[in-house]
Structures are given as C-alpha cells and as structure tokens.
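A.B. asks: Mind looking over this structure? Questions follow.
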Amino acid sequence: MSLPISANKKLILIAVSICLLPSLLTLFGADFSSFSAPNADFVQTNVAGVYSSLTTSLYHVMLEWTAVTIASITALASLIHYKENRDVTVPIIGMALLCTSFVDGFYIFTAMQVIGSQSSNVDVIPFNWTVSRIFNASVMLVGAIISYWLFQQQAKYKASLNNWLTMSGISLTFCLASYLTISFTADLNLSSEQIYQDALLTRPLDIIPLIIFSLCGWFFWLWYKKEKSNIKFALMLSIIPAIVTQLHMAFGSSTLFDSHFNIAHGLKIVAYLSILIGIILDLIGKQKEQAAKLAEAHKYIDGITNSVPFLLSYIDHNQVYQFTNANYPKWFGNRAHRFIGNTVQQSIGNNMYRRLEAPINKVLSGEAVSFDSFIVDKHNLRRDVHINYTPDLQDNGEVSGFFVTVEDITESKSNESRLKDLSWRLDFALAAPNIGVWDYNLETQELLWDERMYSLFGLNSSQNVDAYKVWEKAMHPDDIDKVRKELFRCIKVGKDFNVEFRIIWPNKEIHFIEAHAKLFSNEHGRFTRIIGTNTDITAQKTLQIEREQALEKAQESTKLKSEFLASMSHEIRTPMNGVLGMLSLILQSKLEPEQHHYANLAKTSAESLLNIINDILDFSKIEAGKMELELLDFNLRGLIGDFAEAIAERAHSKGLELIVDVTQIEQSMVCGDPGRIRQILTNLVGNAIKFTEQGEVVIRAELTDSKQGYYNLTCSVTDTGIGISEKQQQAIFSSFTQVDASTTRKYGGTGLGLSIVKQLCHLMQGTIEVSSEQGKGSCFTFTIEIAKGEEQAISQPKVDISNSHILIVDDNQTSRQVMAKQLTLWGAKVSQADDATSALQQLSMSPSIQVAFIDMHMSTMDGLELGKKIRQNHQWQSLKLVMMKSMASRGDDQLISNIGFDAYFRKPITIANLQNTLSLMETEPNRNPIAKYRLDTNLTTETNKPTTSKWPEHLRILLVEDNVINQTVAEALLQTMDLTCDIVNNGLEALDALKQAPQDRPYTLLLMDCQMPEMDGYEATRAIRAGQAGDKNAAVAIIALTANAMKGDKDKCIQAGMDDYLTKPIDEAKLEQKIRQWTNQTRSLIDCIE
C-alpha cells in the first residue's frame, strides 16, 4: 500500500523545503554555528573558553547521538516490518543503517576524545565525518542493489529460513565492514589538512559520499517504479537531505562547527528520520489494508449466505435463533421478524415444533441430522423441504448451538414423480425401434446391458454371459480397432461417443450397429461411466450400400459418356478446322457467282455442324460438372445491344421485327460471365426467330438490387411464333427434347439448347421459366444473379435533349413504345405516329418537333416516300430526319441520302444507335455524305476489309502442326494477314528449328498444336521453357492451337508454359488479335533488352 501520487509530490516538496530552509535563513542573518574549539593556552587561562569548548562539543555530540538513536530505532522497526510483511528487502536497509550507526558512534567517541587519536580534533572530526558518510552511502548503495536484485528475482518473499539466512549473511557482512572501517580510522595518523577554507571545494573528500548517495537515489527510484510503497518512497526521499548534507560539507563548511557543519548534521537526522517514518507508515498502511480485507471478507460472507437459494440460520443451545439469511423474508414474508431472538417453538408454532423436536434434541446431543419435511410459506402454500442440522462443537466437546439449512425440494419431488412416468415411456419408446441401452463402468471395466441389447446381438437375456466379452467377440475384426480408438479418444477429450460398426451373430449373420453415448464424471471431474444406446441399422445400411453402388455406376457411366463426348469433340474439331478453313479461303478467292453461292452454303452447313458440336461439348461439360464461369466487368447494355445487332439479320431476313428494351437497366457496368449470358440469349432469341414466321421478337432486360454487392438480372424473350402446348412445356428443358417430331423435321436442332440454358441459369444462381399459348407465341424469362461492377455507368446521350421534341414514326407499336420510353427517360418530349399520314398530321400540329425517326418499312406509305413529302414542304426544311432500316435492306444508302435524310441506322434500335445518331446531328449537322452507324459487318459484300497494319520486321512465326490440312489452313490464314510461317510436324522438329534459327533472325512466335506424334505440344513447351532449344528461345511466345475445349484444357496449356490458347476451328479474327497481342509484348521486351 502506498500514498497517492499527489501526496508523494507534496512530501517531496516538504523534504526539499526542509533541506533548503536553513540555507535560506542563513541568507537572512540566522547563525547555526557553535563556538569553535579554542587552543590549549586559551583553555588554561580562560575558564569561559573551556566552557565554550565543552558546549560546542556537547551540541555536536547531541546531533550525532540523535542520528545514531534514530538509525537504531529504524533498524528495529525494519525487523518489525519483516515480521509483519515477510519482505526481506526492508531489514537489509535497516541493517545498513544500524551498521552506519556503529561507525557514527565511533565518530562521536573520537570527537569526545573518549577514544584517543594520534591526530588533533581539527583533523580527526572532519575526516571521521567523511569516513562515516562514505560508509553510510556505500552500505546503503549495496543494500539498495541487493534489495533491487532480490526484487527482480522475485525472491524477497522466500521461506523464513532462507530469509533469515539472507539477512544474517548480509548483516554480518555490513558489521564486518563497519568493524574494518573503525579499525582503519582508529589507527590512522592524519598528516594533511582536511579543510581548505579559501577553496571552492572546502572539503574535497565529501564529494565521494555525494556521488555514492546519488547512485543510491537512482537505484531507489528504479525500485520504486517497479513496486510502489511507502518505504520505497521514503528511501528515495531520504536521498534528498543526504545529498544536500554533502553539498553543505563539500562546498560550504570551512571550519568546525560552523553553520554549514551544523546544518549538515541536522539534515542527516532528517534523512534517517525519513526512512523511519516510511517504515512506520508502511506498517500502519498494512494494518489498514488488513482491516479493509477483513471488512471485505465479511461482505463476501454476507453476500454468499444471502445469495444461496435456501434458508441458512444459527440456533444456540437454548434453541434461540441468533442468525437468519435474507431468504427468510422471501419465504415467510412478515413472519420473518419472529425468528431472531425467539426460540424455535415461538418462531414456528407448536404443530411444526412437534415434528422438529426430536431432530433438535438429537443435534443438541452432538449428532448431525438430515431429514425431509414441509413448511407453509407466506402464500400459505406447502413446500417440501430437506433440512440439515449440523452441531457447533466447542473444543471441550460441548454443543454451543447448531447450524440449519432448509432446501426447497418441491420441484425435485415433482420431477421424481415425472421421472418415473418418463422411465416407463422411455422403455416403451426404446422397444419400438429395437434400441438397446448399455452402461460401461470405466473404473471396474464392467459392462451392463438391458434386455434389448442381448437381442441386438442375437442372444437370449436369460443366458449368463459377460457382456463385455460378448461385445468383443461379436465385433467384426475389421471394425474393432476403429471402435476402440474412437472410445479412447472420447474418454481422453471428453466428447460424446458416436460410431458405426458391424457385429457377427452366432449364426454368422452380419448386422450394422449405430452407437451413441455420453460420458459421466464423478464429483472430482473424473470420467467414470459411459451410458449409451445401440441401434440395429442393418436395413438402412443395406439400402444405402445399394444406392451408393447405383450412384457409382451412374457416375462411371457419366464419366465414360463425358470422356467419349470430349474425345469425339476433339476428333471432329480437327477435320472441321480444315473444312471451315478451306471454305473461308475459297470464299476469299475469285469465284463465279454460282460457285460462291455453293461454297457459302457449304460454309453455313459446316458452321451449323460446329454449333451442334459446341452444344454437345457444353452439355458434356455441365454433365461432368466441369463448366466454370468467368468473372469479368462488362457493359450490360452494350452486350445486349451488340448481341441484338449481330443476330438482327436472321430476324430481318424473315421479315421479323427485333426489338430491344433495356430501359429498366439503370447501371450498365456489372461483373459476371458475359460469354455465358450471350450464349443464353443466343439460344432463346435464336429459337424465337426460328419458330416465328411473322410478327416480332422482343428482348426485355431489367436490373434490380439483390443482396449486398449483387443485382438480379431478369431478361425475357417474347415472340409471336407457333407457341408451345402446356404438356410440351413440362419437358421442354430436358436434354435432347424438341416440341415434337414434326418440329424436329421442320426446324432441326439437337434439343440441347434449352437444357444448356437451364443449367447455365442454375450455375449463375438463377432460374428460367416459360409461358406460352399454342399458335400465339411464347415468352421465356430467366433470372440470374450478377455482381455489381467496380465502375458505375448511367446511360445518357452525349448531347442534352431535355428540351428537344422528337417524333417517332413506326407501324410496330412495341418498337415505337420502347424507343419513346428511352427518349423520355433522357428528358425529351416524344410524339408517336403509326403511319405516314399520322406523322404528317403530327408535324403540321407541332412545329416544335426537331427530329423525326422514321421506319423504312411501313404498310401504306414507306419511310422513303414519307421522307420525300417532308422535304418537299419548305416549312419542315430544318427538321432532322433519321431513317431506321432493317439489316436486310442493302444498296439504298445513296437513295436515302438523296432524299434528304440527315442520318440512318440499321435496326434493332439500340442505346448505341440512338446516342450516336443524336450526337452526330448535334456536332456535325452539315456532314456530307450521310454518316452511317452500325453497318452490318457480317455482310462481306458490303464491308471492305480494313487494311492490315504493318507487322514488325522482327516477326518470325513457326507453325508446329502434324495435320497436313491444318497446316495448309493455318498457312493460308496467315497469308491473308500478309504473314508467312515455317512449318514443322512435331515437338522434336520444333526444338531443332529453334536451335538452328539464325542469331539475328530467331523465331518470335510459335503456333503449337497440342496432340502430335513423337513429342506433343505440352512436352515440347516444357522442353523449350527448360532451355533445351537454347537459352535465347526459352521465353519465346507460344500460342496453343488445339481441338481440346473441355474444362481444364486451357489451364493444362498454361501450366505447361504456353502463353495463350485458341480452339479449333481457328477463327481468323481471333488468331490475328492473338498474334498482334503477343507480337507487341515481344517487341516491348526486345526494346527493353536493347
């Protein structure tokens, strides 16, 4: 216990003030000096001088004896402190002070000349003072170091014997040191002056204790920081007067008994007194702390007695209540005041006392009593109770009273009754499913079974058998080790026992048993019993095994089917690469129109076959669980718009209107698998176009918030086609299923498309459903989960159309309404007309119309005629005209321009078409010739191939391919790109070619087939990366060209060391893109090296 920090600060200020006060008083004229000792002649002739000498010596002796007395008392107090606290560090300091008092005593006797000296007092007194102070400072320093070390070693509270040995050893050491110091001083003949009156440092030797006391202060400070207490603070505080004492002596005292001399002696007393006061305060604090702990203990005892859920009381030998706990008022209400100070009979009444009289007499005779009874509580309700009387026996064997506990057992009595009922019900319940109960004693190794356990093991309960031996013998040899290990593990970690095992009946039948058990421990926490049940699960196990075998067969069948489909896909893709490649080359050559038509039909048929192969491949991936989804950031509106434009020609060639509604998509940027979403749309929209002969196909998409970080994408594809009957809708998503046989004959297809769509939706945490009416059309709606993109993009045109008035002229109501909705969202005022006549009326009535979007194909008057009529009217010359034409319309671009249209685009109407058209008319109103947007890039007759940019000079390609046809196709495709290549047939030849390449013209790109004789592409790539083709070729770019398109094939190529991956048949655009990508990277690498 230590003083508060604020009190410590005050004490330090007081100590400093006490130390500085005499010096301050001296400045104001106070004189603390005593008479100096006169010479011998003066003493002989002057009685007053003798008296003065004696007075001065007495004053000095009184100061020193006061210090010695306080040091001795402090040593005694330190021993008392040890007795109370067992802290050996305090008496070590006390013994240091006691030994210091020995040296101080010697100093007094020499000053009084009781002990003779060979030198005069003028030299002896200052020298002995210095020796005494050096000794004092040294032993204090040694004591401080030893105490601090003991504290650091946590050894200050050792056993009493060890403490006494420590104290005795240190005390004897200090005493020996004091003896040696006294002996040294007594025999010393001083020949030099001890005081230099005119010097700054009047007593140089006093610097030594000044330094040592400073070191003591540092150690006491370290000790105090580690463990704050009054004594440690007092030790630290005592250093202040000790240091000031030495300052007075070293720099102030110039003669014996001057002011500085006497002030120093007084401050030494203050230093000793500080330590004594610290010990006394520590002892007082300890007593207060013990008193507080005792009060706290009483508080805890009261809390415990009042917190127990039963009655506690004490009754003396006269049967008078002396104590009751807080539960008495809770149980008895106002009647609780009757107990304390009253006899038992007075408190509980005669009737109750008659029931308790015999047990009371028994406990007063010295015997503990325990029994059940009942009481009536404050609500006049009966409570069943269990009562304990425990005698309070004195040392002489007499009973001074007894302790009473009364426990409410009303609920346990009720539970006991319910338990009997439950036991009967449990027996009945266990008998029904044939469950046996067992009890295993871990201490005696005894196993007890109920009757049903015997029947579970094919035995009769009347047989006198050892249950444990029967259990061991019946256990299947392959299971016994497993069960024992599980049993031991459960006992070791204290977990429940749950295991399945097999047993063999006496008739050799094998049965499956399911065991469950719980561990039970004794009052010491040691597990002593396991109680559990055994259930015969043979029937369930038999059924499970049969199911597992059937599942294994099904999985094996699926695996074989997947492997077959993957193999067939590879085998078909290889020749298809040659077929499609050759047809593409033929179509790029000069052909007669009829030849071009035949070749184009052949390519279309080959592409249809490739689509069927892709469907089968996707289906096999899904069946084998090898379909993986990509996570890419992409623009959802852009994806749907680009898809619609790509498939629009198929719709327009049949005279169908393709409409895209993305007005419910606010944020464009999302994260998901755009390729698989496009695949779903391709299947659904492709089917809609295929099964619709007239009318429209509408794609609607909506994006709504889902869980945090995700959207729900709901997309519907609605057509006006042949429709699907209710019966056919139930099976339409099954594999290899068409609406009916006639549909297959008329429209073709594998029947896999919708099955793949359904599986893809499930992979993306979604669903798909269909609603249809035969003869009226169908609507397929799918909902999938899609993540939010890192960037957000709200679709807005580049120009502000919030004050624009726009007219839409289109005879298709759906198309017109979708377009009007989008323009309205952007802030425009929109008018609509379903034919040319209505459009002209609108223009006449609304001169504010600034832009008119006109559909080209309308029934009564088409868009071209309407455009002519508008341009013939001078009133509408400033009106901007935009033509909306179908993909099927070709060769009329100049006619549209001549009529006076400002712009046109090909349907379907997409966000990009609208934005680009509105932006053009704002930024380039006088552009001529007419600007065209979204031209049909699939029409080779209308699209001029862009000029190939120049290839880098260092580009040199090596084609590694074993198939001659594929070699020809690849070489020809490269030639169309103005590229050439060298060809080798396998990996070994590729290694040789790389080695033999000139230093100044190495190969910079390899197109590597994966499956080749002698050395395949994987092995060849690993060899190249390992430097087997030369260190200069180890980092050459390698692109895989493979017919393998199953899950994991791309990873296999990358793991082998290839840089990229392309599947056969080779797509010319993708091949060129890959070559440019890796050529640019290689060029950057070469530039860095150079």
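The backbone N, Cα and C atoms fix where each Cβ goes, glycine too.
Keep in mind that TrEMBL annotations are predicted by a computer and have not been checked by a curator.
Below are the features I grabbed from TrEMBL:
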TRANSMEM  60-80  transmembrane segment
TRANSMEM  92-114  transmembrane segment
TRANSMEM  134-151  transmembrane segment
TRANSMEM  163-186  transmembrane segment
TRANSMEM  206-224  transmembrane segment
TRANSMEM  231-251  transmembrane segment
DOMAIN    369-421  domain 'PAC'
DOMAIN    497-549  domain 'PAC'
DOMAIN    567-788  domain 'Histidine kinase'
DOMAIN    805-922  domain 'Response regulatory'
MOD_RES   ASP855  4-aspartylphosphate
DOMAIN    956-1079  domain 'Response regulatory'
MOD_RES   ASP1009  4-aspartylphosphate
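Mind running through what each feature is packed against?
C.D. replies: Sequence-distant neighbours of the transmembrane segment (60-80) (same chain, 6+ residues past either end, Cβ-Cβ under 8 Å): 34, 90-91, 93-95, 97-98, 100-101, 104-105, 107-108, 111-112, 125, 257, 262, 265-266, 268-269, 272-273, 275-276, 279-280, 283.
Long-range contacts of the transmembrane segment (92-114) within the same chain: residues 57, 60-61, 64-65, 67-68, 71-72, 74-79, 81, 121, 124-125, 128-129, 131-132, 135-136, 139-140, 142-144, 146-147, 166-167, 170-171, 174-175, 177-179, 181-182, 185-186, 231, 235, 272, 275, 279, each at least 6 residues beyond the stretch ends and with a Cβ under 8 Å from a Cβ of the stretch.
If you look at the transmembrane segment (134-151), the same-chain residues 6 or more away from its ends with a CB under 8 A from one of its CBs are 88-89, 92-93, 95-97, 99-100, 103-104, 166, 170, 174, 177-178, 181, 205, 208-209, 212-213, 215-216, 219-220, 222-223, 226-227, 235, 242.
When the domain 'PAC' (369-421) is classified with DSSP, helix, strand and coil residues number 12 helix, 30 strand, 11 coil.
In the predicted model, the domain 'Histidine kinase' (567-788) has a mean pLDDT of 81.
There are 26 other CB atoms within 10 A of the CB of ASP855 (4-aspartylphosphate), with all protein chains counted. DSSP assigns ASP855 (4-aspartylphosphate) to a strand in the three-state reduction.
Classification of ASP1009 (4-aspartylphosphate) by DSSP places it within a strand. Cβ neighbours within 10 Å of ASP1009 (4-aspartylphosphate), excluding its own Cβ and spanning all shown chains: 26.
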A.B. asks: Given a Cβ distance threshold of under 8 angstroms, which distant residues of the chain, six or more beyond its ends, lie next to the transmembrane segment (163-186)?
C.D. replies: 82, 86, 88, 91-92, 95-96, 98-100, 102-103, 106, 110, 115, 117, 127-128, 131, 135, 138-139, 142-143, 146, 150
A.B. asks: Could you tell me what the rest of the chain brings near the transmembrane segment (231-251), counting residues at least six beyond its ends with Cβ under 8 Å?
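C.D. replies: Residues 2-3, 8, 11-12, 15-16, 18-20, 23, 81, 90, 93, 129-130, 133, 136-137, 144, 200-204, 206-207, 209-210, 213-214, 216-217, 220-221, 223-224, 260-261, 263-264, 267-268, 270-272, 274-275, 277-279, 281-282.
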A.B. asks: Please report the Cα separation of ASP855 (4-aspartylphosphate) and ASP1009 (4-aspartylphosphate) in Å, rounded to an integer.
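C.D. replies: About 50 Å separate the Cα atoms of these two residues.
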